[in-house]
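Engineer: Sharing a structure, written as structure tokens. Questions coming.
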């Protein structure tokens, strides 16, 4: 008897000594991923501002063109406002509300709509002079990057750039149309009047995009101002499909369905379909359009669903190639950009397609193999947990989440003492002394998901390593919907 008790005791002690995975708090991650956007705000901040170390900035934007371009978001760790990636950010935040809002608490859903509206209020300004003019971005990149200044102090030129008709801007206008259309769905119940304004302007903006075909960076002046940061490398045709797809979903009108049918092949819905991000919308177009095929059997656009299926199958190693690549630690890997930018956008598509399969009671068909929607969700779960700390570096790549996350991130406002504790301005050159400091950023940019590790799961860090430590709005935005799903399904495995 004593021997049996002894063995049981030893067994229990051994179990206690075994390493156990600490479950992640997806609710906390969701809340913080939305809060991050308050740290990126430009313009006059509201009384409800929760990221308290930020203050008003860039209150004269647009003045050189005699227009109001105050507001919007800084795209990353600098103080420039690029409208192309900002519009993509708005689209993804709105899509998170539309398809994953049911997984959010009322509190989180409301704050996500606030984040969407901060972007769309500004985007409405960028297309306020259509069909004659569209505003492209605000701030001169080189002078801005030559200085290390918090937004509240910046004294670099705030030149606003615009394109006048007939110069083309199909990619920029197409993405803005998509953002406004997606947001119109998100606000349909909460604010019907605002929803109608967004949809009306989305229709007008898409008409402009389709009437003046070409990329916004085809213009030499804009190319010099924007490139190499946000050049439209992939061209404009994917944004036309993207805008049409969102307008089809927002309106249900057959004219947008015909547009997708007539232009899908010519505009490349079946090419380069492994990509999705601020520049290339092909993967997103196919998944978004596939919803109607899966749920309503709209066979006229079945080609989009077939291409979306090819993309989904590429994530599963059991299928015939081609395949997506993964790091040794399990992170989705694509060469040529910050890794978590790809992880965020592709994870969102995987989870969204899984949702469309589930609601239509269908499986993923990969040749002779069939997969349940949960096969895709497991891939996403691995990505999310990796980002939150289950990775070879044992490091959370979300700032302010968990016990261990990078302290020196490439972000001007976060790295320089706040005006609340140091009212005197930091000049252009003085800021570089702070940039070189080994001390952690004094202002925690809560919820920011940074660039992340390399192909071998290594992370060096430091403010000088912008590809690893700089956050962007378009990394965070897709993660909002992803975190919302796992908040409501925390025990999924």
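Cβ from N, Cα, C; glycine included.
In case it helps, Swiss-Prot gives these features for our protein:
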ACT_SITE  78  active site, nucleophile
ACT_SITE  410  active site
ACT_SITE  470  active site
CARBOHYD  297  N-linked glycosylation site
CARBOHYD  465  N-linked glycosylation site
SIGNAL    1-23  signal peptide
Engineer: Check the DSSP secondary structure of residue 470 (active site), expressed as helix, strand or coil.
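Structural biologist: Where residue 470 (active site) sits, the three-state DSSP reduction gives coil.
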Engineer: If one measures from the C-alpha of residue 78 (active site, nucleophile) to the C-alpha of residue 410 (active site), what distance in angstrom results, rounded to a whole number?
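Structural biologist: Cα of residue 78 (active site, nucleophile) to Cα of residue 410 (active site) measures 9 Å after rounding.
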Engineer: Rank the active-site residues 78, 470 by the number of other Cβ atoms within 10 Å of each Cβ and report the first-ranked residue.
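Structural biologist: Counting Cβ neighbours within 10 Å, the top one is 78.
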Engineer: Out of 297, 410, 465, which of the recorded positions has the smallest number of neighbouring Cβ atoms within 10 Å?
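Structural biologist: 297, out of the recorded positions 297, 410, 465, has the fewest neighbouring Cβ atoms within 10 Å.
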Engineer: Whole-number Å only: compute the distance from the Cα of residue 297 (N-linked glycosylation site) to the Cα of residue 470 (active site).
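Structural biologist: That comes out at 43 Å between the alpha carbons.
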Engineer: Would you kindly give the Cα-Cα distance separating residue 470 (active site) and residue 410 (active site), rounded to the nearest Å?
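Structural biologist: Computed Cα spacing between residue 410 (active site) and residue 470 (active site) is 5 Å.
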